[in-house]
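Q: I have a structure I would like to understand better, so I am pasting it below and will then ask my questions one at a time.
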There are 2 protein chains.
Amino acid sequence: MMIAPAVELGIDIRVLAEDEGMSAQLAATAVGDYRDLDTVRRFAADVDVVTFDHEHVPQEVLRALVADGVAVHPGPDALRFAQDKLDMRARLTELGVPQPDWARIADTVELQRFLDAHGGRGVVKTPRGGYDGKGVRVVSDATEAQDWFSGLAEGDALLVEELVPFVRELAQQIARRPSGESVAYPVVETVQRDGVCAEVIAPAPGVDAEHAAQAARIGAEIAEGLGVTGMLAVELFQTDDGRILVNELAMRPHNSGHWSQDGAVTGQFEQHLRAVADLPLGQTTPIAPWSVMVNILGGPVGAAMVDRIPAALAAGADAKVHTYGKAPRPGRKVGHVNVAGADLETTRVRARAAAAAFA
Amino acid sequence: MMIAPAVELGIDIRVLAEDEGMSAQLAATAVGDYRDLDTVRRFAADVDVVTFDHEHVPQEVLRALVADGVAVHPGPDALRFAQDKLDMRARLTELGVPQPDWARIADTVELQRFLDAHGGRGVVKTPRGGYDGKGVRVVSDATEAQDWFSGLAEGDALLVEELVPFVRELAQQIARRPSGESVAYPVVETVQRDGVCAEVIAPAPGVDAEHAAQAARIGAEIAEGLGVTGMLAVELFQTDDGRILVNELAMRPHNSGHWSQDGAVTGQFEQHLRAVADLPLGQTTPIAPWSVMVNILGGPVGAAMVDRIPAALAAGADAKVHTYGKAPRPGRKVGHVNVAGADLETTRVRARAAAAAFA
């Protein structure tokens with residue numbers, strides 16, 4: 001989704017893809033393993049700036065590119081905090097950013113001690129590789145994480161966090177250039193179902209100016225403190241006593257920012273490109289009072305996505321449908337729908353109706 | 001510019017390009033001559049619908065595709081009215097659509113007769129192949145078109161039109177599906193400099209409801225009457241006595257509709273795709289009170305377009321820059337800038353400032 005804004009801006013874009021696929025329609029696409037230094041190095045030899053659409057490129061690869069003189073954004077020193085949740089928690093503690101209580105735990109004894117101190121429950125996370133609820137487990141007894149401890153390599157540990165009494169989840173997007181300029185998007189509400197983002201409402205309904213400013217400040221502190229370049233998404237908990245706590249970080253265009261493609265003057269994919277290329281950043285102002293993004297999950301069984309497009313478009317003449325060229329399977333994010341409008345409830349209904357056409 | 005919306009909608013798009021170029025970054029691009037039946041036929045064998053980004057595909061080629069069973073939109077019966085200005089004038093006369101006085105002229109005698117009947121001046125046009133002021137000449141004496149008459153093949157003719165006392169130029173965009181549904185965009189003002197579109201303001205400032213409805217009605221009559229499928233742009237004169245007359249037709253996304261990419265819920269490139277694929281059409285509502293499009297003409301001398309991008313983006317954080325991947329040369333359209341805003345004058349200034357960064 002960075003390709004279209006790159007073409008419009010006249011930026012020559014190359015893609016290193018894992019597999020043949022939608023983006024491999026680009027002649028400039030190389031196919032190869034992003035974990036393989038030679039592959040990435042060969043790819044990077046022809047470009048001015050390297051960026052990513054996920055966090056999984058190994059530190060060794062990133063650091064080798066930097067040593068080669070390649071501009072890597074976000075850089076390895078920032079990206080490691082999105083790659084490792086223990087590193088992230090430790091760094092946010094240093095920065096004084098509000099977050100859930102947490103601990104590094106190497107065994108069930110340490111986990112049980114944390115649970116006992118936090119009402120008997122907690123969220124255990126694998127520091128690396130988690131995604132959309134994977135690598136996350138709510139436990140009320142330390143033995144429930146026994147299998148994860150058994151799988152740990154010598155010296156490794158798990159993360160445990162307090163189970164935050166949150167009333168809803170928010171997300172704050174920030175874009176930051178290497179030269180320092182940063183811009184914030186309005187804080188949004190993210191609605192999760194089964195551990196996966198289902199809907200996003202921009203701006204978050206009923207957030208007062210104080211909380212909106214607090215979310216933007218947290219985003220700016222993290223972007224600055226971690227030296228993030230490109231788009232940063234800060235997933236937040238809003239607690240029943242009105243606190244805002246950091247849940248997760250992503251250093252790339254993120255599901256919680258998809259609304260901006262059709263709902264803001266500058267979409268997050270264009271903004272990420274502008275940020276990593278150190279170009280002046282774009283305005284983040286919404287184009288309508290409300291934008292709603294609804295993920296298309298699973299998608300049709302036994303029918304191609306494209307066959308559902310007529311029904312989706314018929315559901316609302318203002319529905320903006322985005323498909324990812326992925327084969328649908330239950331629970332997989334295969335696209336999303338954005339609708340912008342003046343009234344939240346009717347906007348949300350139209351977005352849901354268009355997304356439901358794919359179900 | 002149809003590629004990005006096609007990818008978002010999950011429509012597999014193939015391009016037959018004249019030359020290697022920006023769109024040839026797509027692996028699915030074939031390079032070949034659109035005038036060569038075998039080339040086009042081979043290309044069309046793999047697709048469901050064929051459409052165009054210009055009007056110059058020969059009728060023989062179009063009709064052969066239709067005979068092969070390919071869905072061609074707009075079809076040859078419609079497209080010929082965009083290909084031949086004499087055919088267009090004759091058909092609009094049949095439809096009773098308001099247009100300048102005109103005549104088919106085969107020699108200077110016939111031209112002089114028309115000039116004498118129309119205040120001694122007229123606009124002579126070659127029926128085919130004109131573009132951006134080429135093939136158009138204002139004359140006050142028939143001998144001024146002698147060279148064009150000399151070049152005519154046996155049986156061919158030129159078009160002469162009265163020199164309309166217009167106060168400004170407007171354009172009406174309409175999208176129409178093969179199954180009949182059509183939607184109109186708000187009528188816009190187009191500002192020409194040296195025969196080339198320089199700026200577009202959407203909606204046209206100061207157009208009253210009656211004239212706006214008249215422009216939309218003219219657009220709908222032409223789309224219906226000519227059987228246009230896809231986007232139709234109707235270029236209009238507004239006269240000093242308040243009449244609206246048809247100047248030219250284009251059956252494709254058109255310069256006068258570029259504002260809709262960033263200024264309307266559905267941009268004209270997405271709309272064209274939806275129309276030719278017979279998908280439900282998108283909402284044409286503007287996202288802001290005013291949108292201004294400024295063409296980037298000529299572009300930098302001795303510098304790559306991309307080197308001017310930082311200055312263009314710095315000129316306005318809400319400027320949406322679109323480049324075409326064309327080598328700049330004086331007067332050539334190499335891109336455009338859209339800005340949407342609440343106030344016309346400041347919106348126009350920001351759009352001009354961003355475009356000026358390329359001058």
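Cβ from N, Cα, C; glycine included.
Dumping what TrEMBL says about this protein:
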type	residues	note
BINDING	B:Lys85, B:Lys125, B:Glu161, B:Glu162, B:Leu163, B:Val164, B:Glu169, B:Asn247, B:Glu248	ATP binding site
DOMAIN	B:89-277	domain 'ATP-grasp'
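Structural setting of the listed features?
A: Of all Cβ atoms in the shown protein chains, 18 besides its own fall within 10 Å of the Cβ of B:Leu163 (ATP binding site).
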Q: Does B:Glu169 (ATP binding site) have same-chain partners at least 6 apart in sequence with Cβ under 8 Å from its own Cβ, and which are they?
A: B:Glu189, B:Thr190, B:Val191, B:Gln192, B:Glu235, B:Leu236, B:Phe237, B:Gln238, B:Asn247
Q: Quick check on the binding-site residues B:Glu161, B:Glu248: which one has the highest count of other Cβ atoms within 10 Å of its Cβ?
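A: Answer by Cβ density within 10 Å: B:Glu161.
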Q: Over all pairs in B:Lys85, B:Lys125, B:Glu161, B:Glu162, B:Leu163, B:Val164, B:Glu169, B:Asn247, B:Glu248, the listed ATP binding residues, work out the largest Cα-Cα distance in Å.
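A: Output for ATP binders B:Lys85, B:Lys125, B:Glu161, B:Glu162, B:Leu163, B:Val164, B:Glu169, B:Asn247, B:Glu248: max Cα distance 18 Å.
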Q: Per DSSP, B:Lys85 (ATP binding site) is which: helix, strand or coil?
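A: Looking at the DSSP assignment, B:Lys85 (ATP binding site) belongs to a helix.
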Q: How many other Cβ atoms are found within 10 Å of the Cβ atom of B:Lys85 (ATP binding site), counting all protein chains shown?
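A: Looking across every protein chain shown, the total is 23.
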Q: Give the mean pLDDT for the domain 'ATP-grasp' (B:89-277) on the 0 to 100 scale.
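A: Its mean pLDDT is 95.
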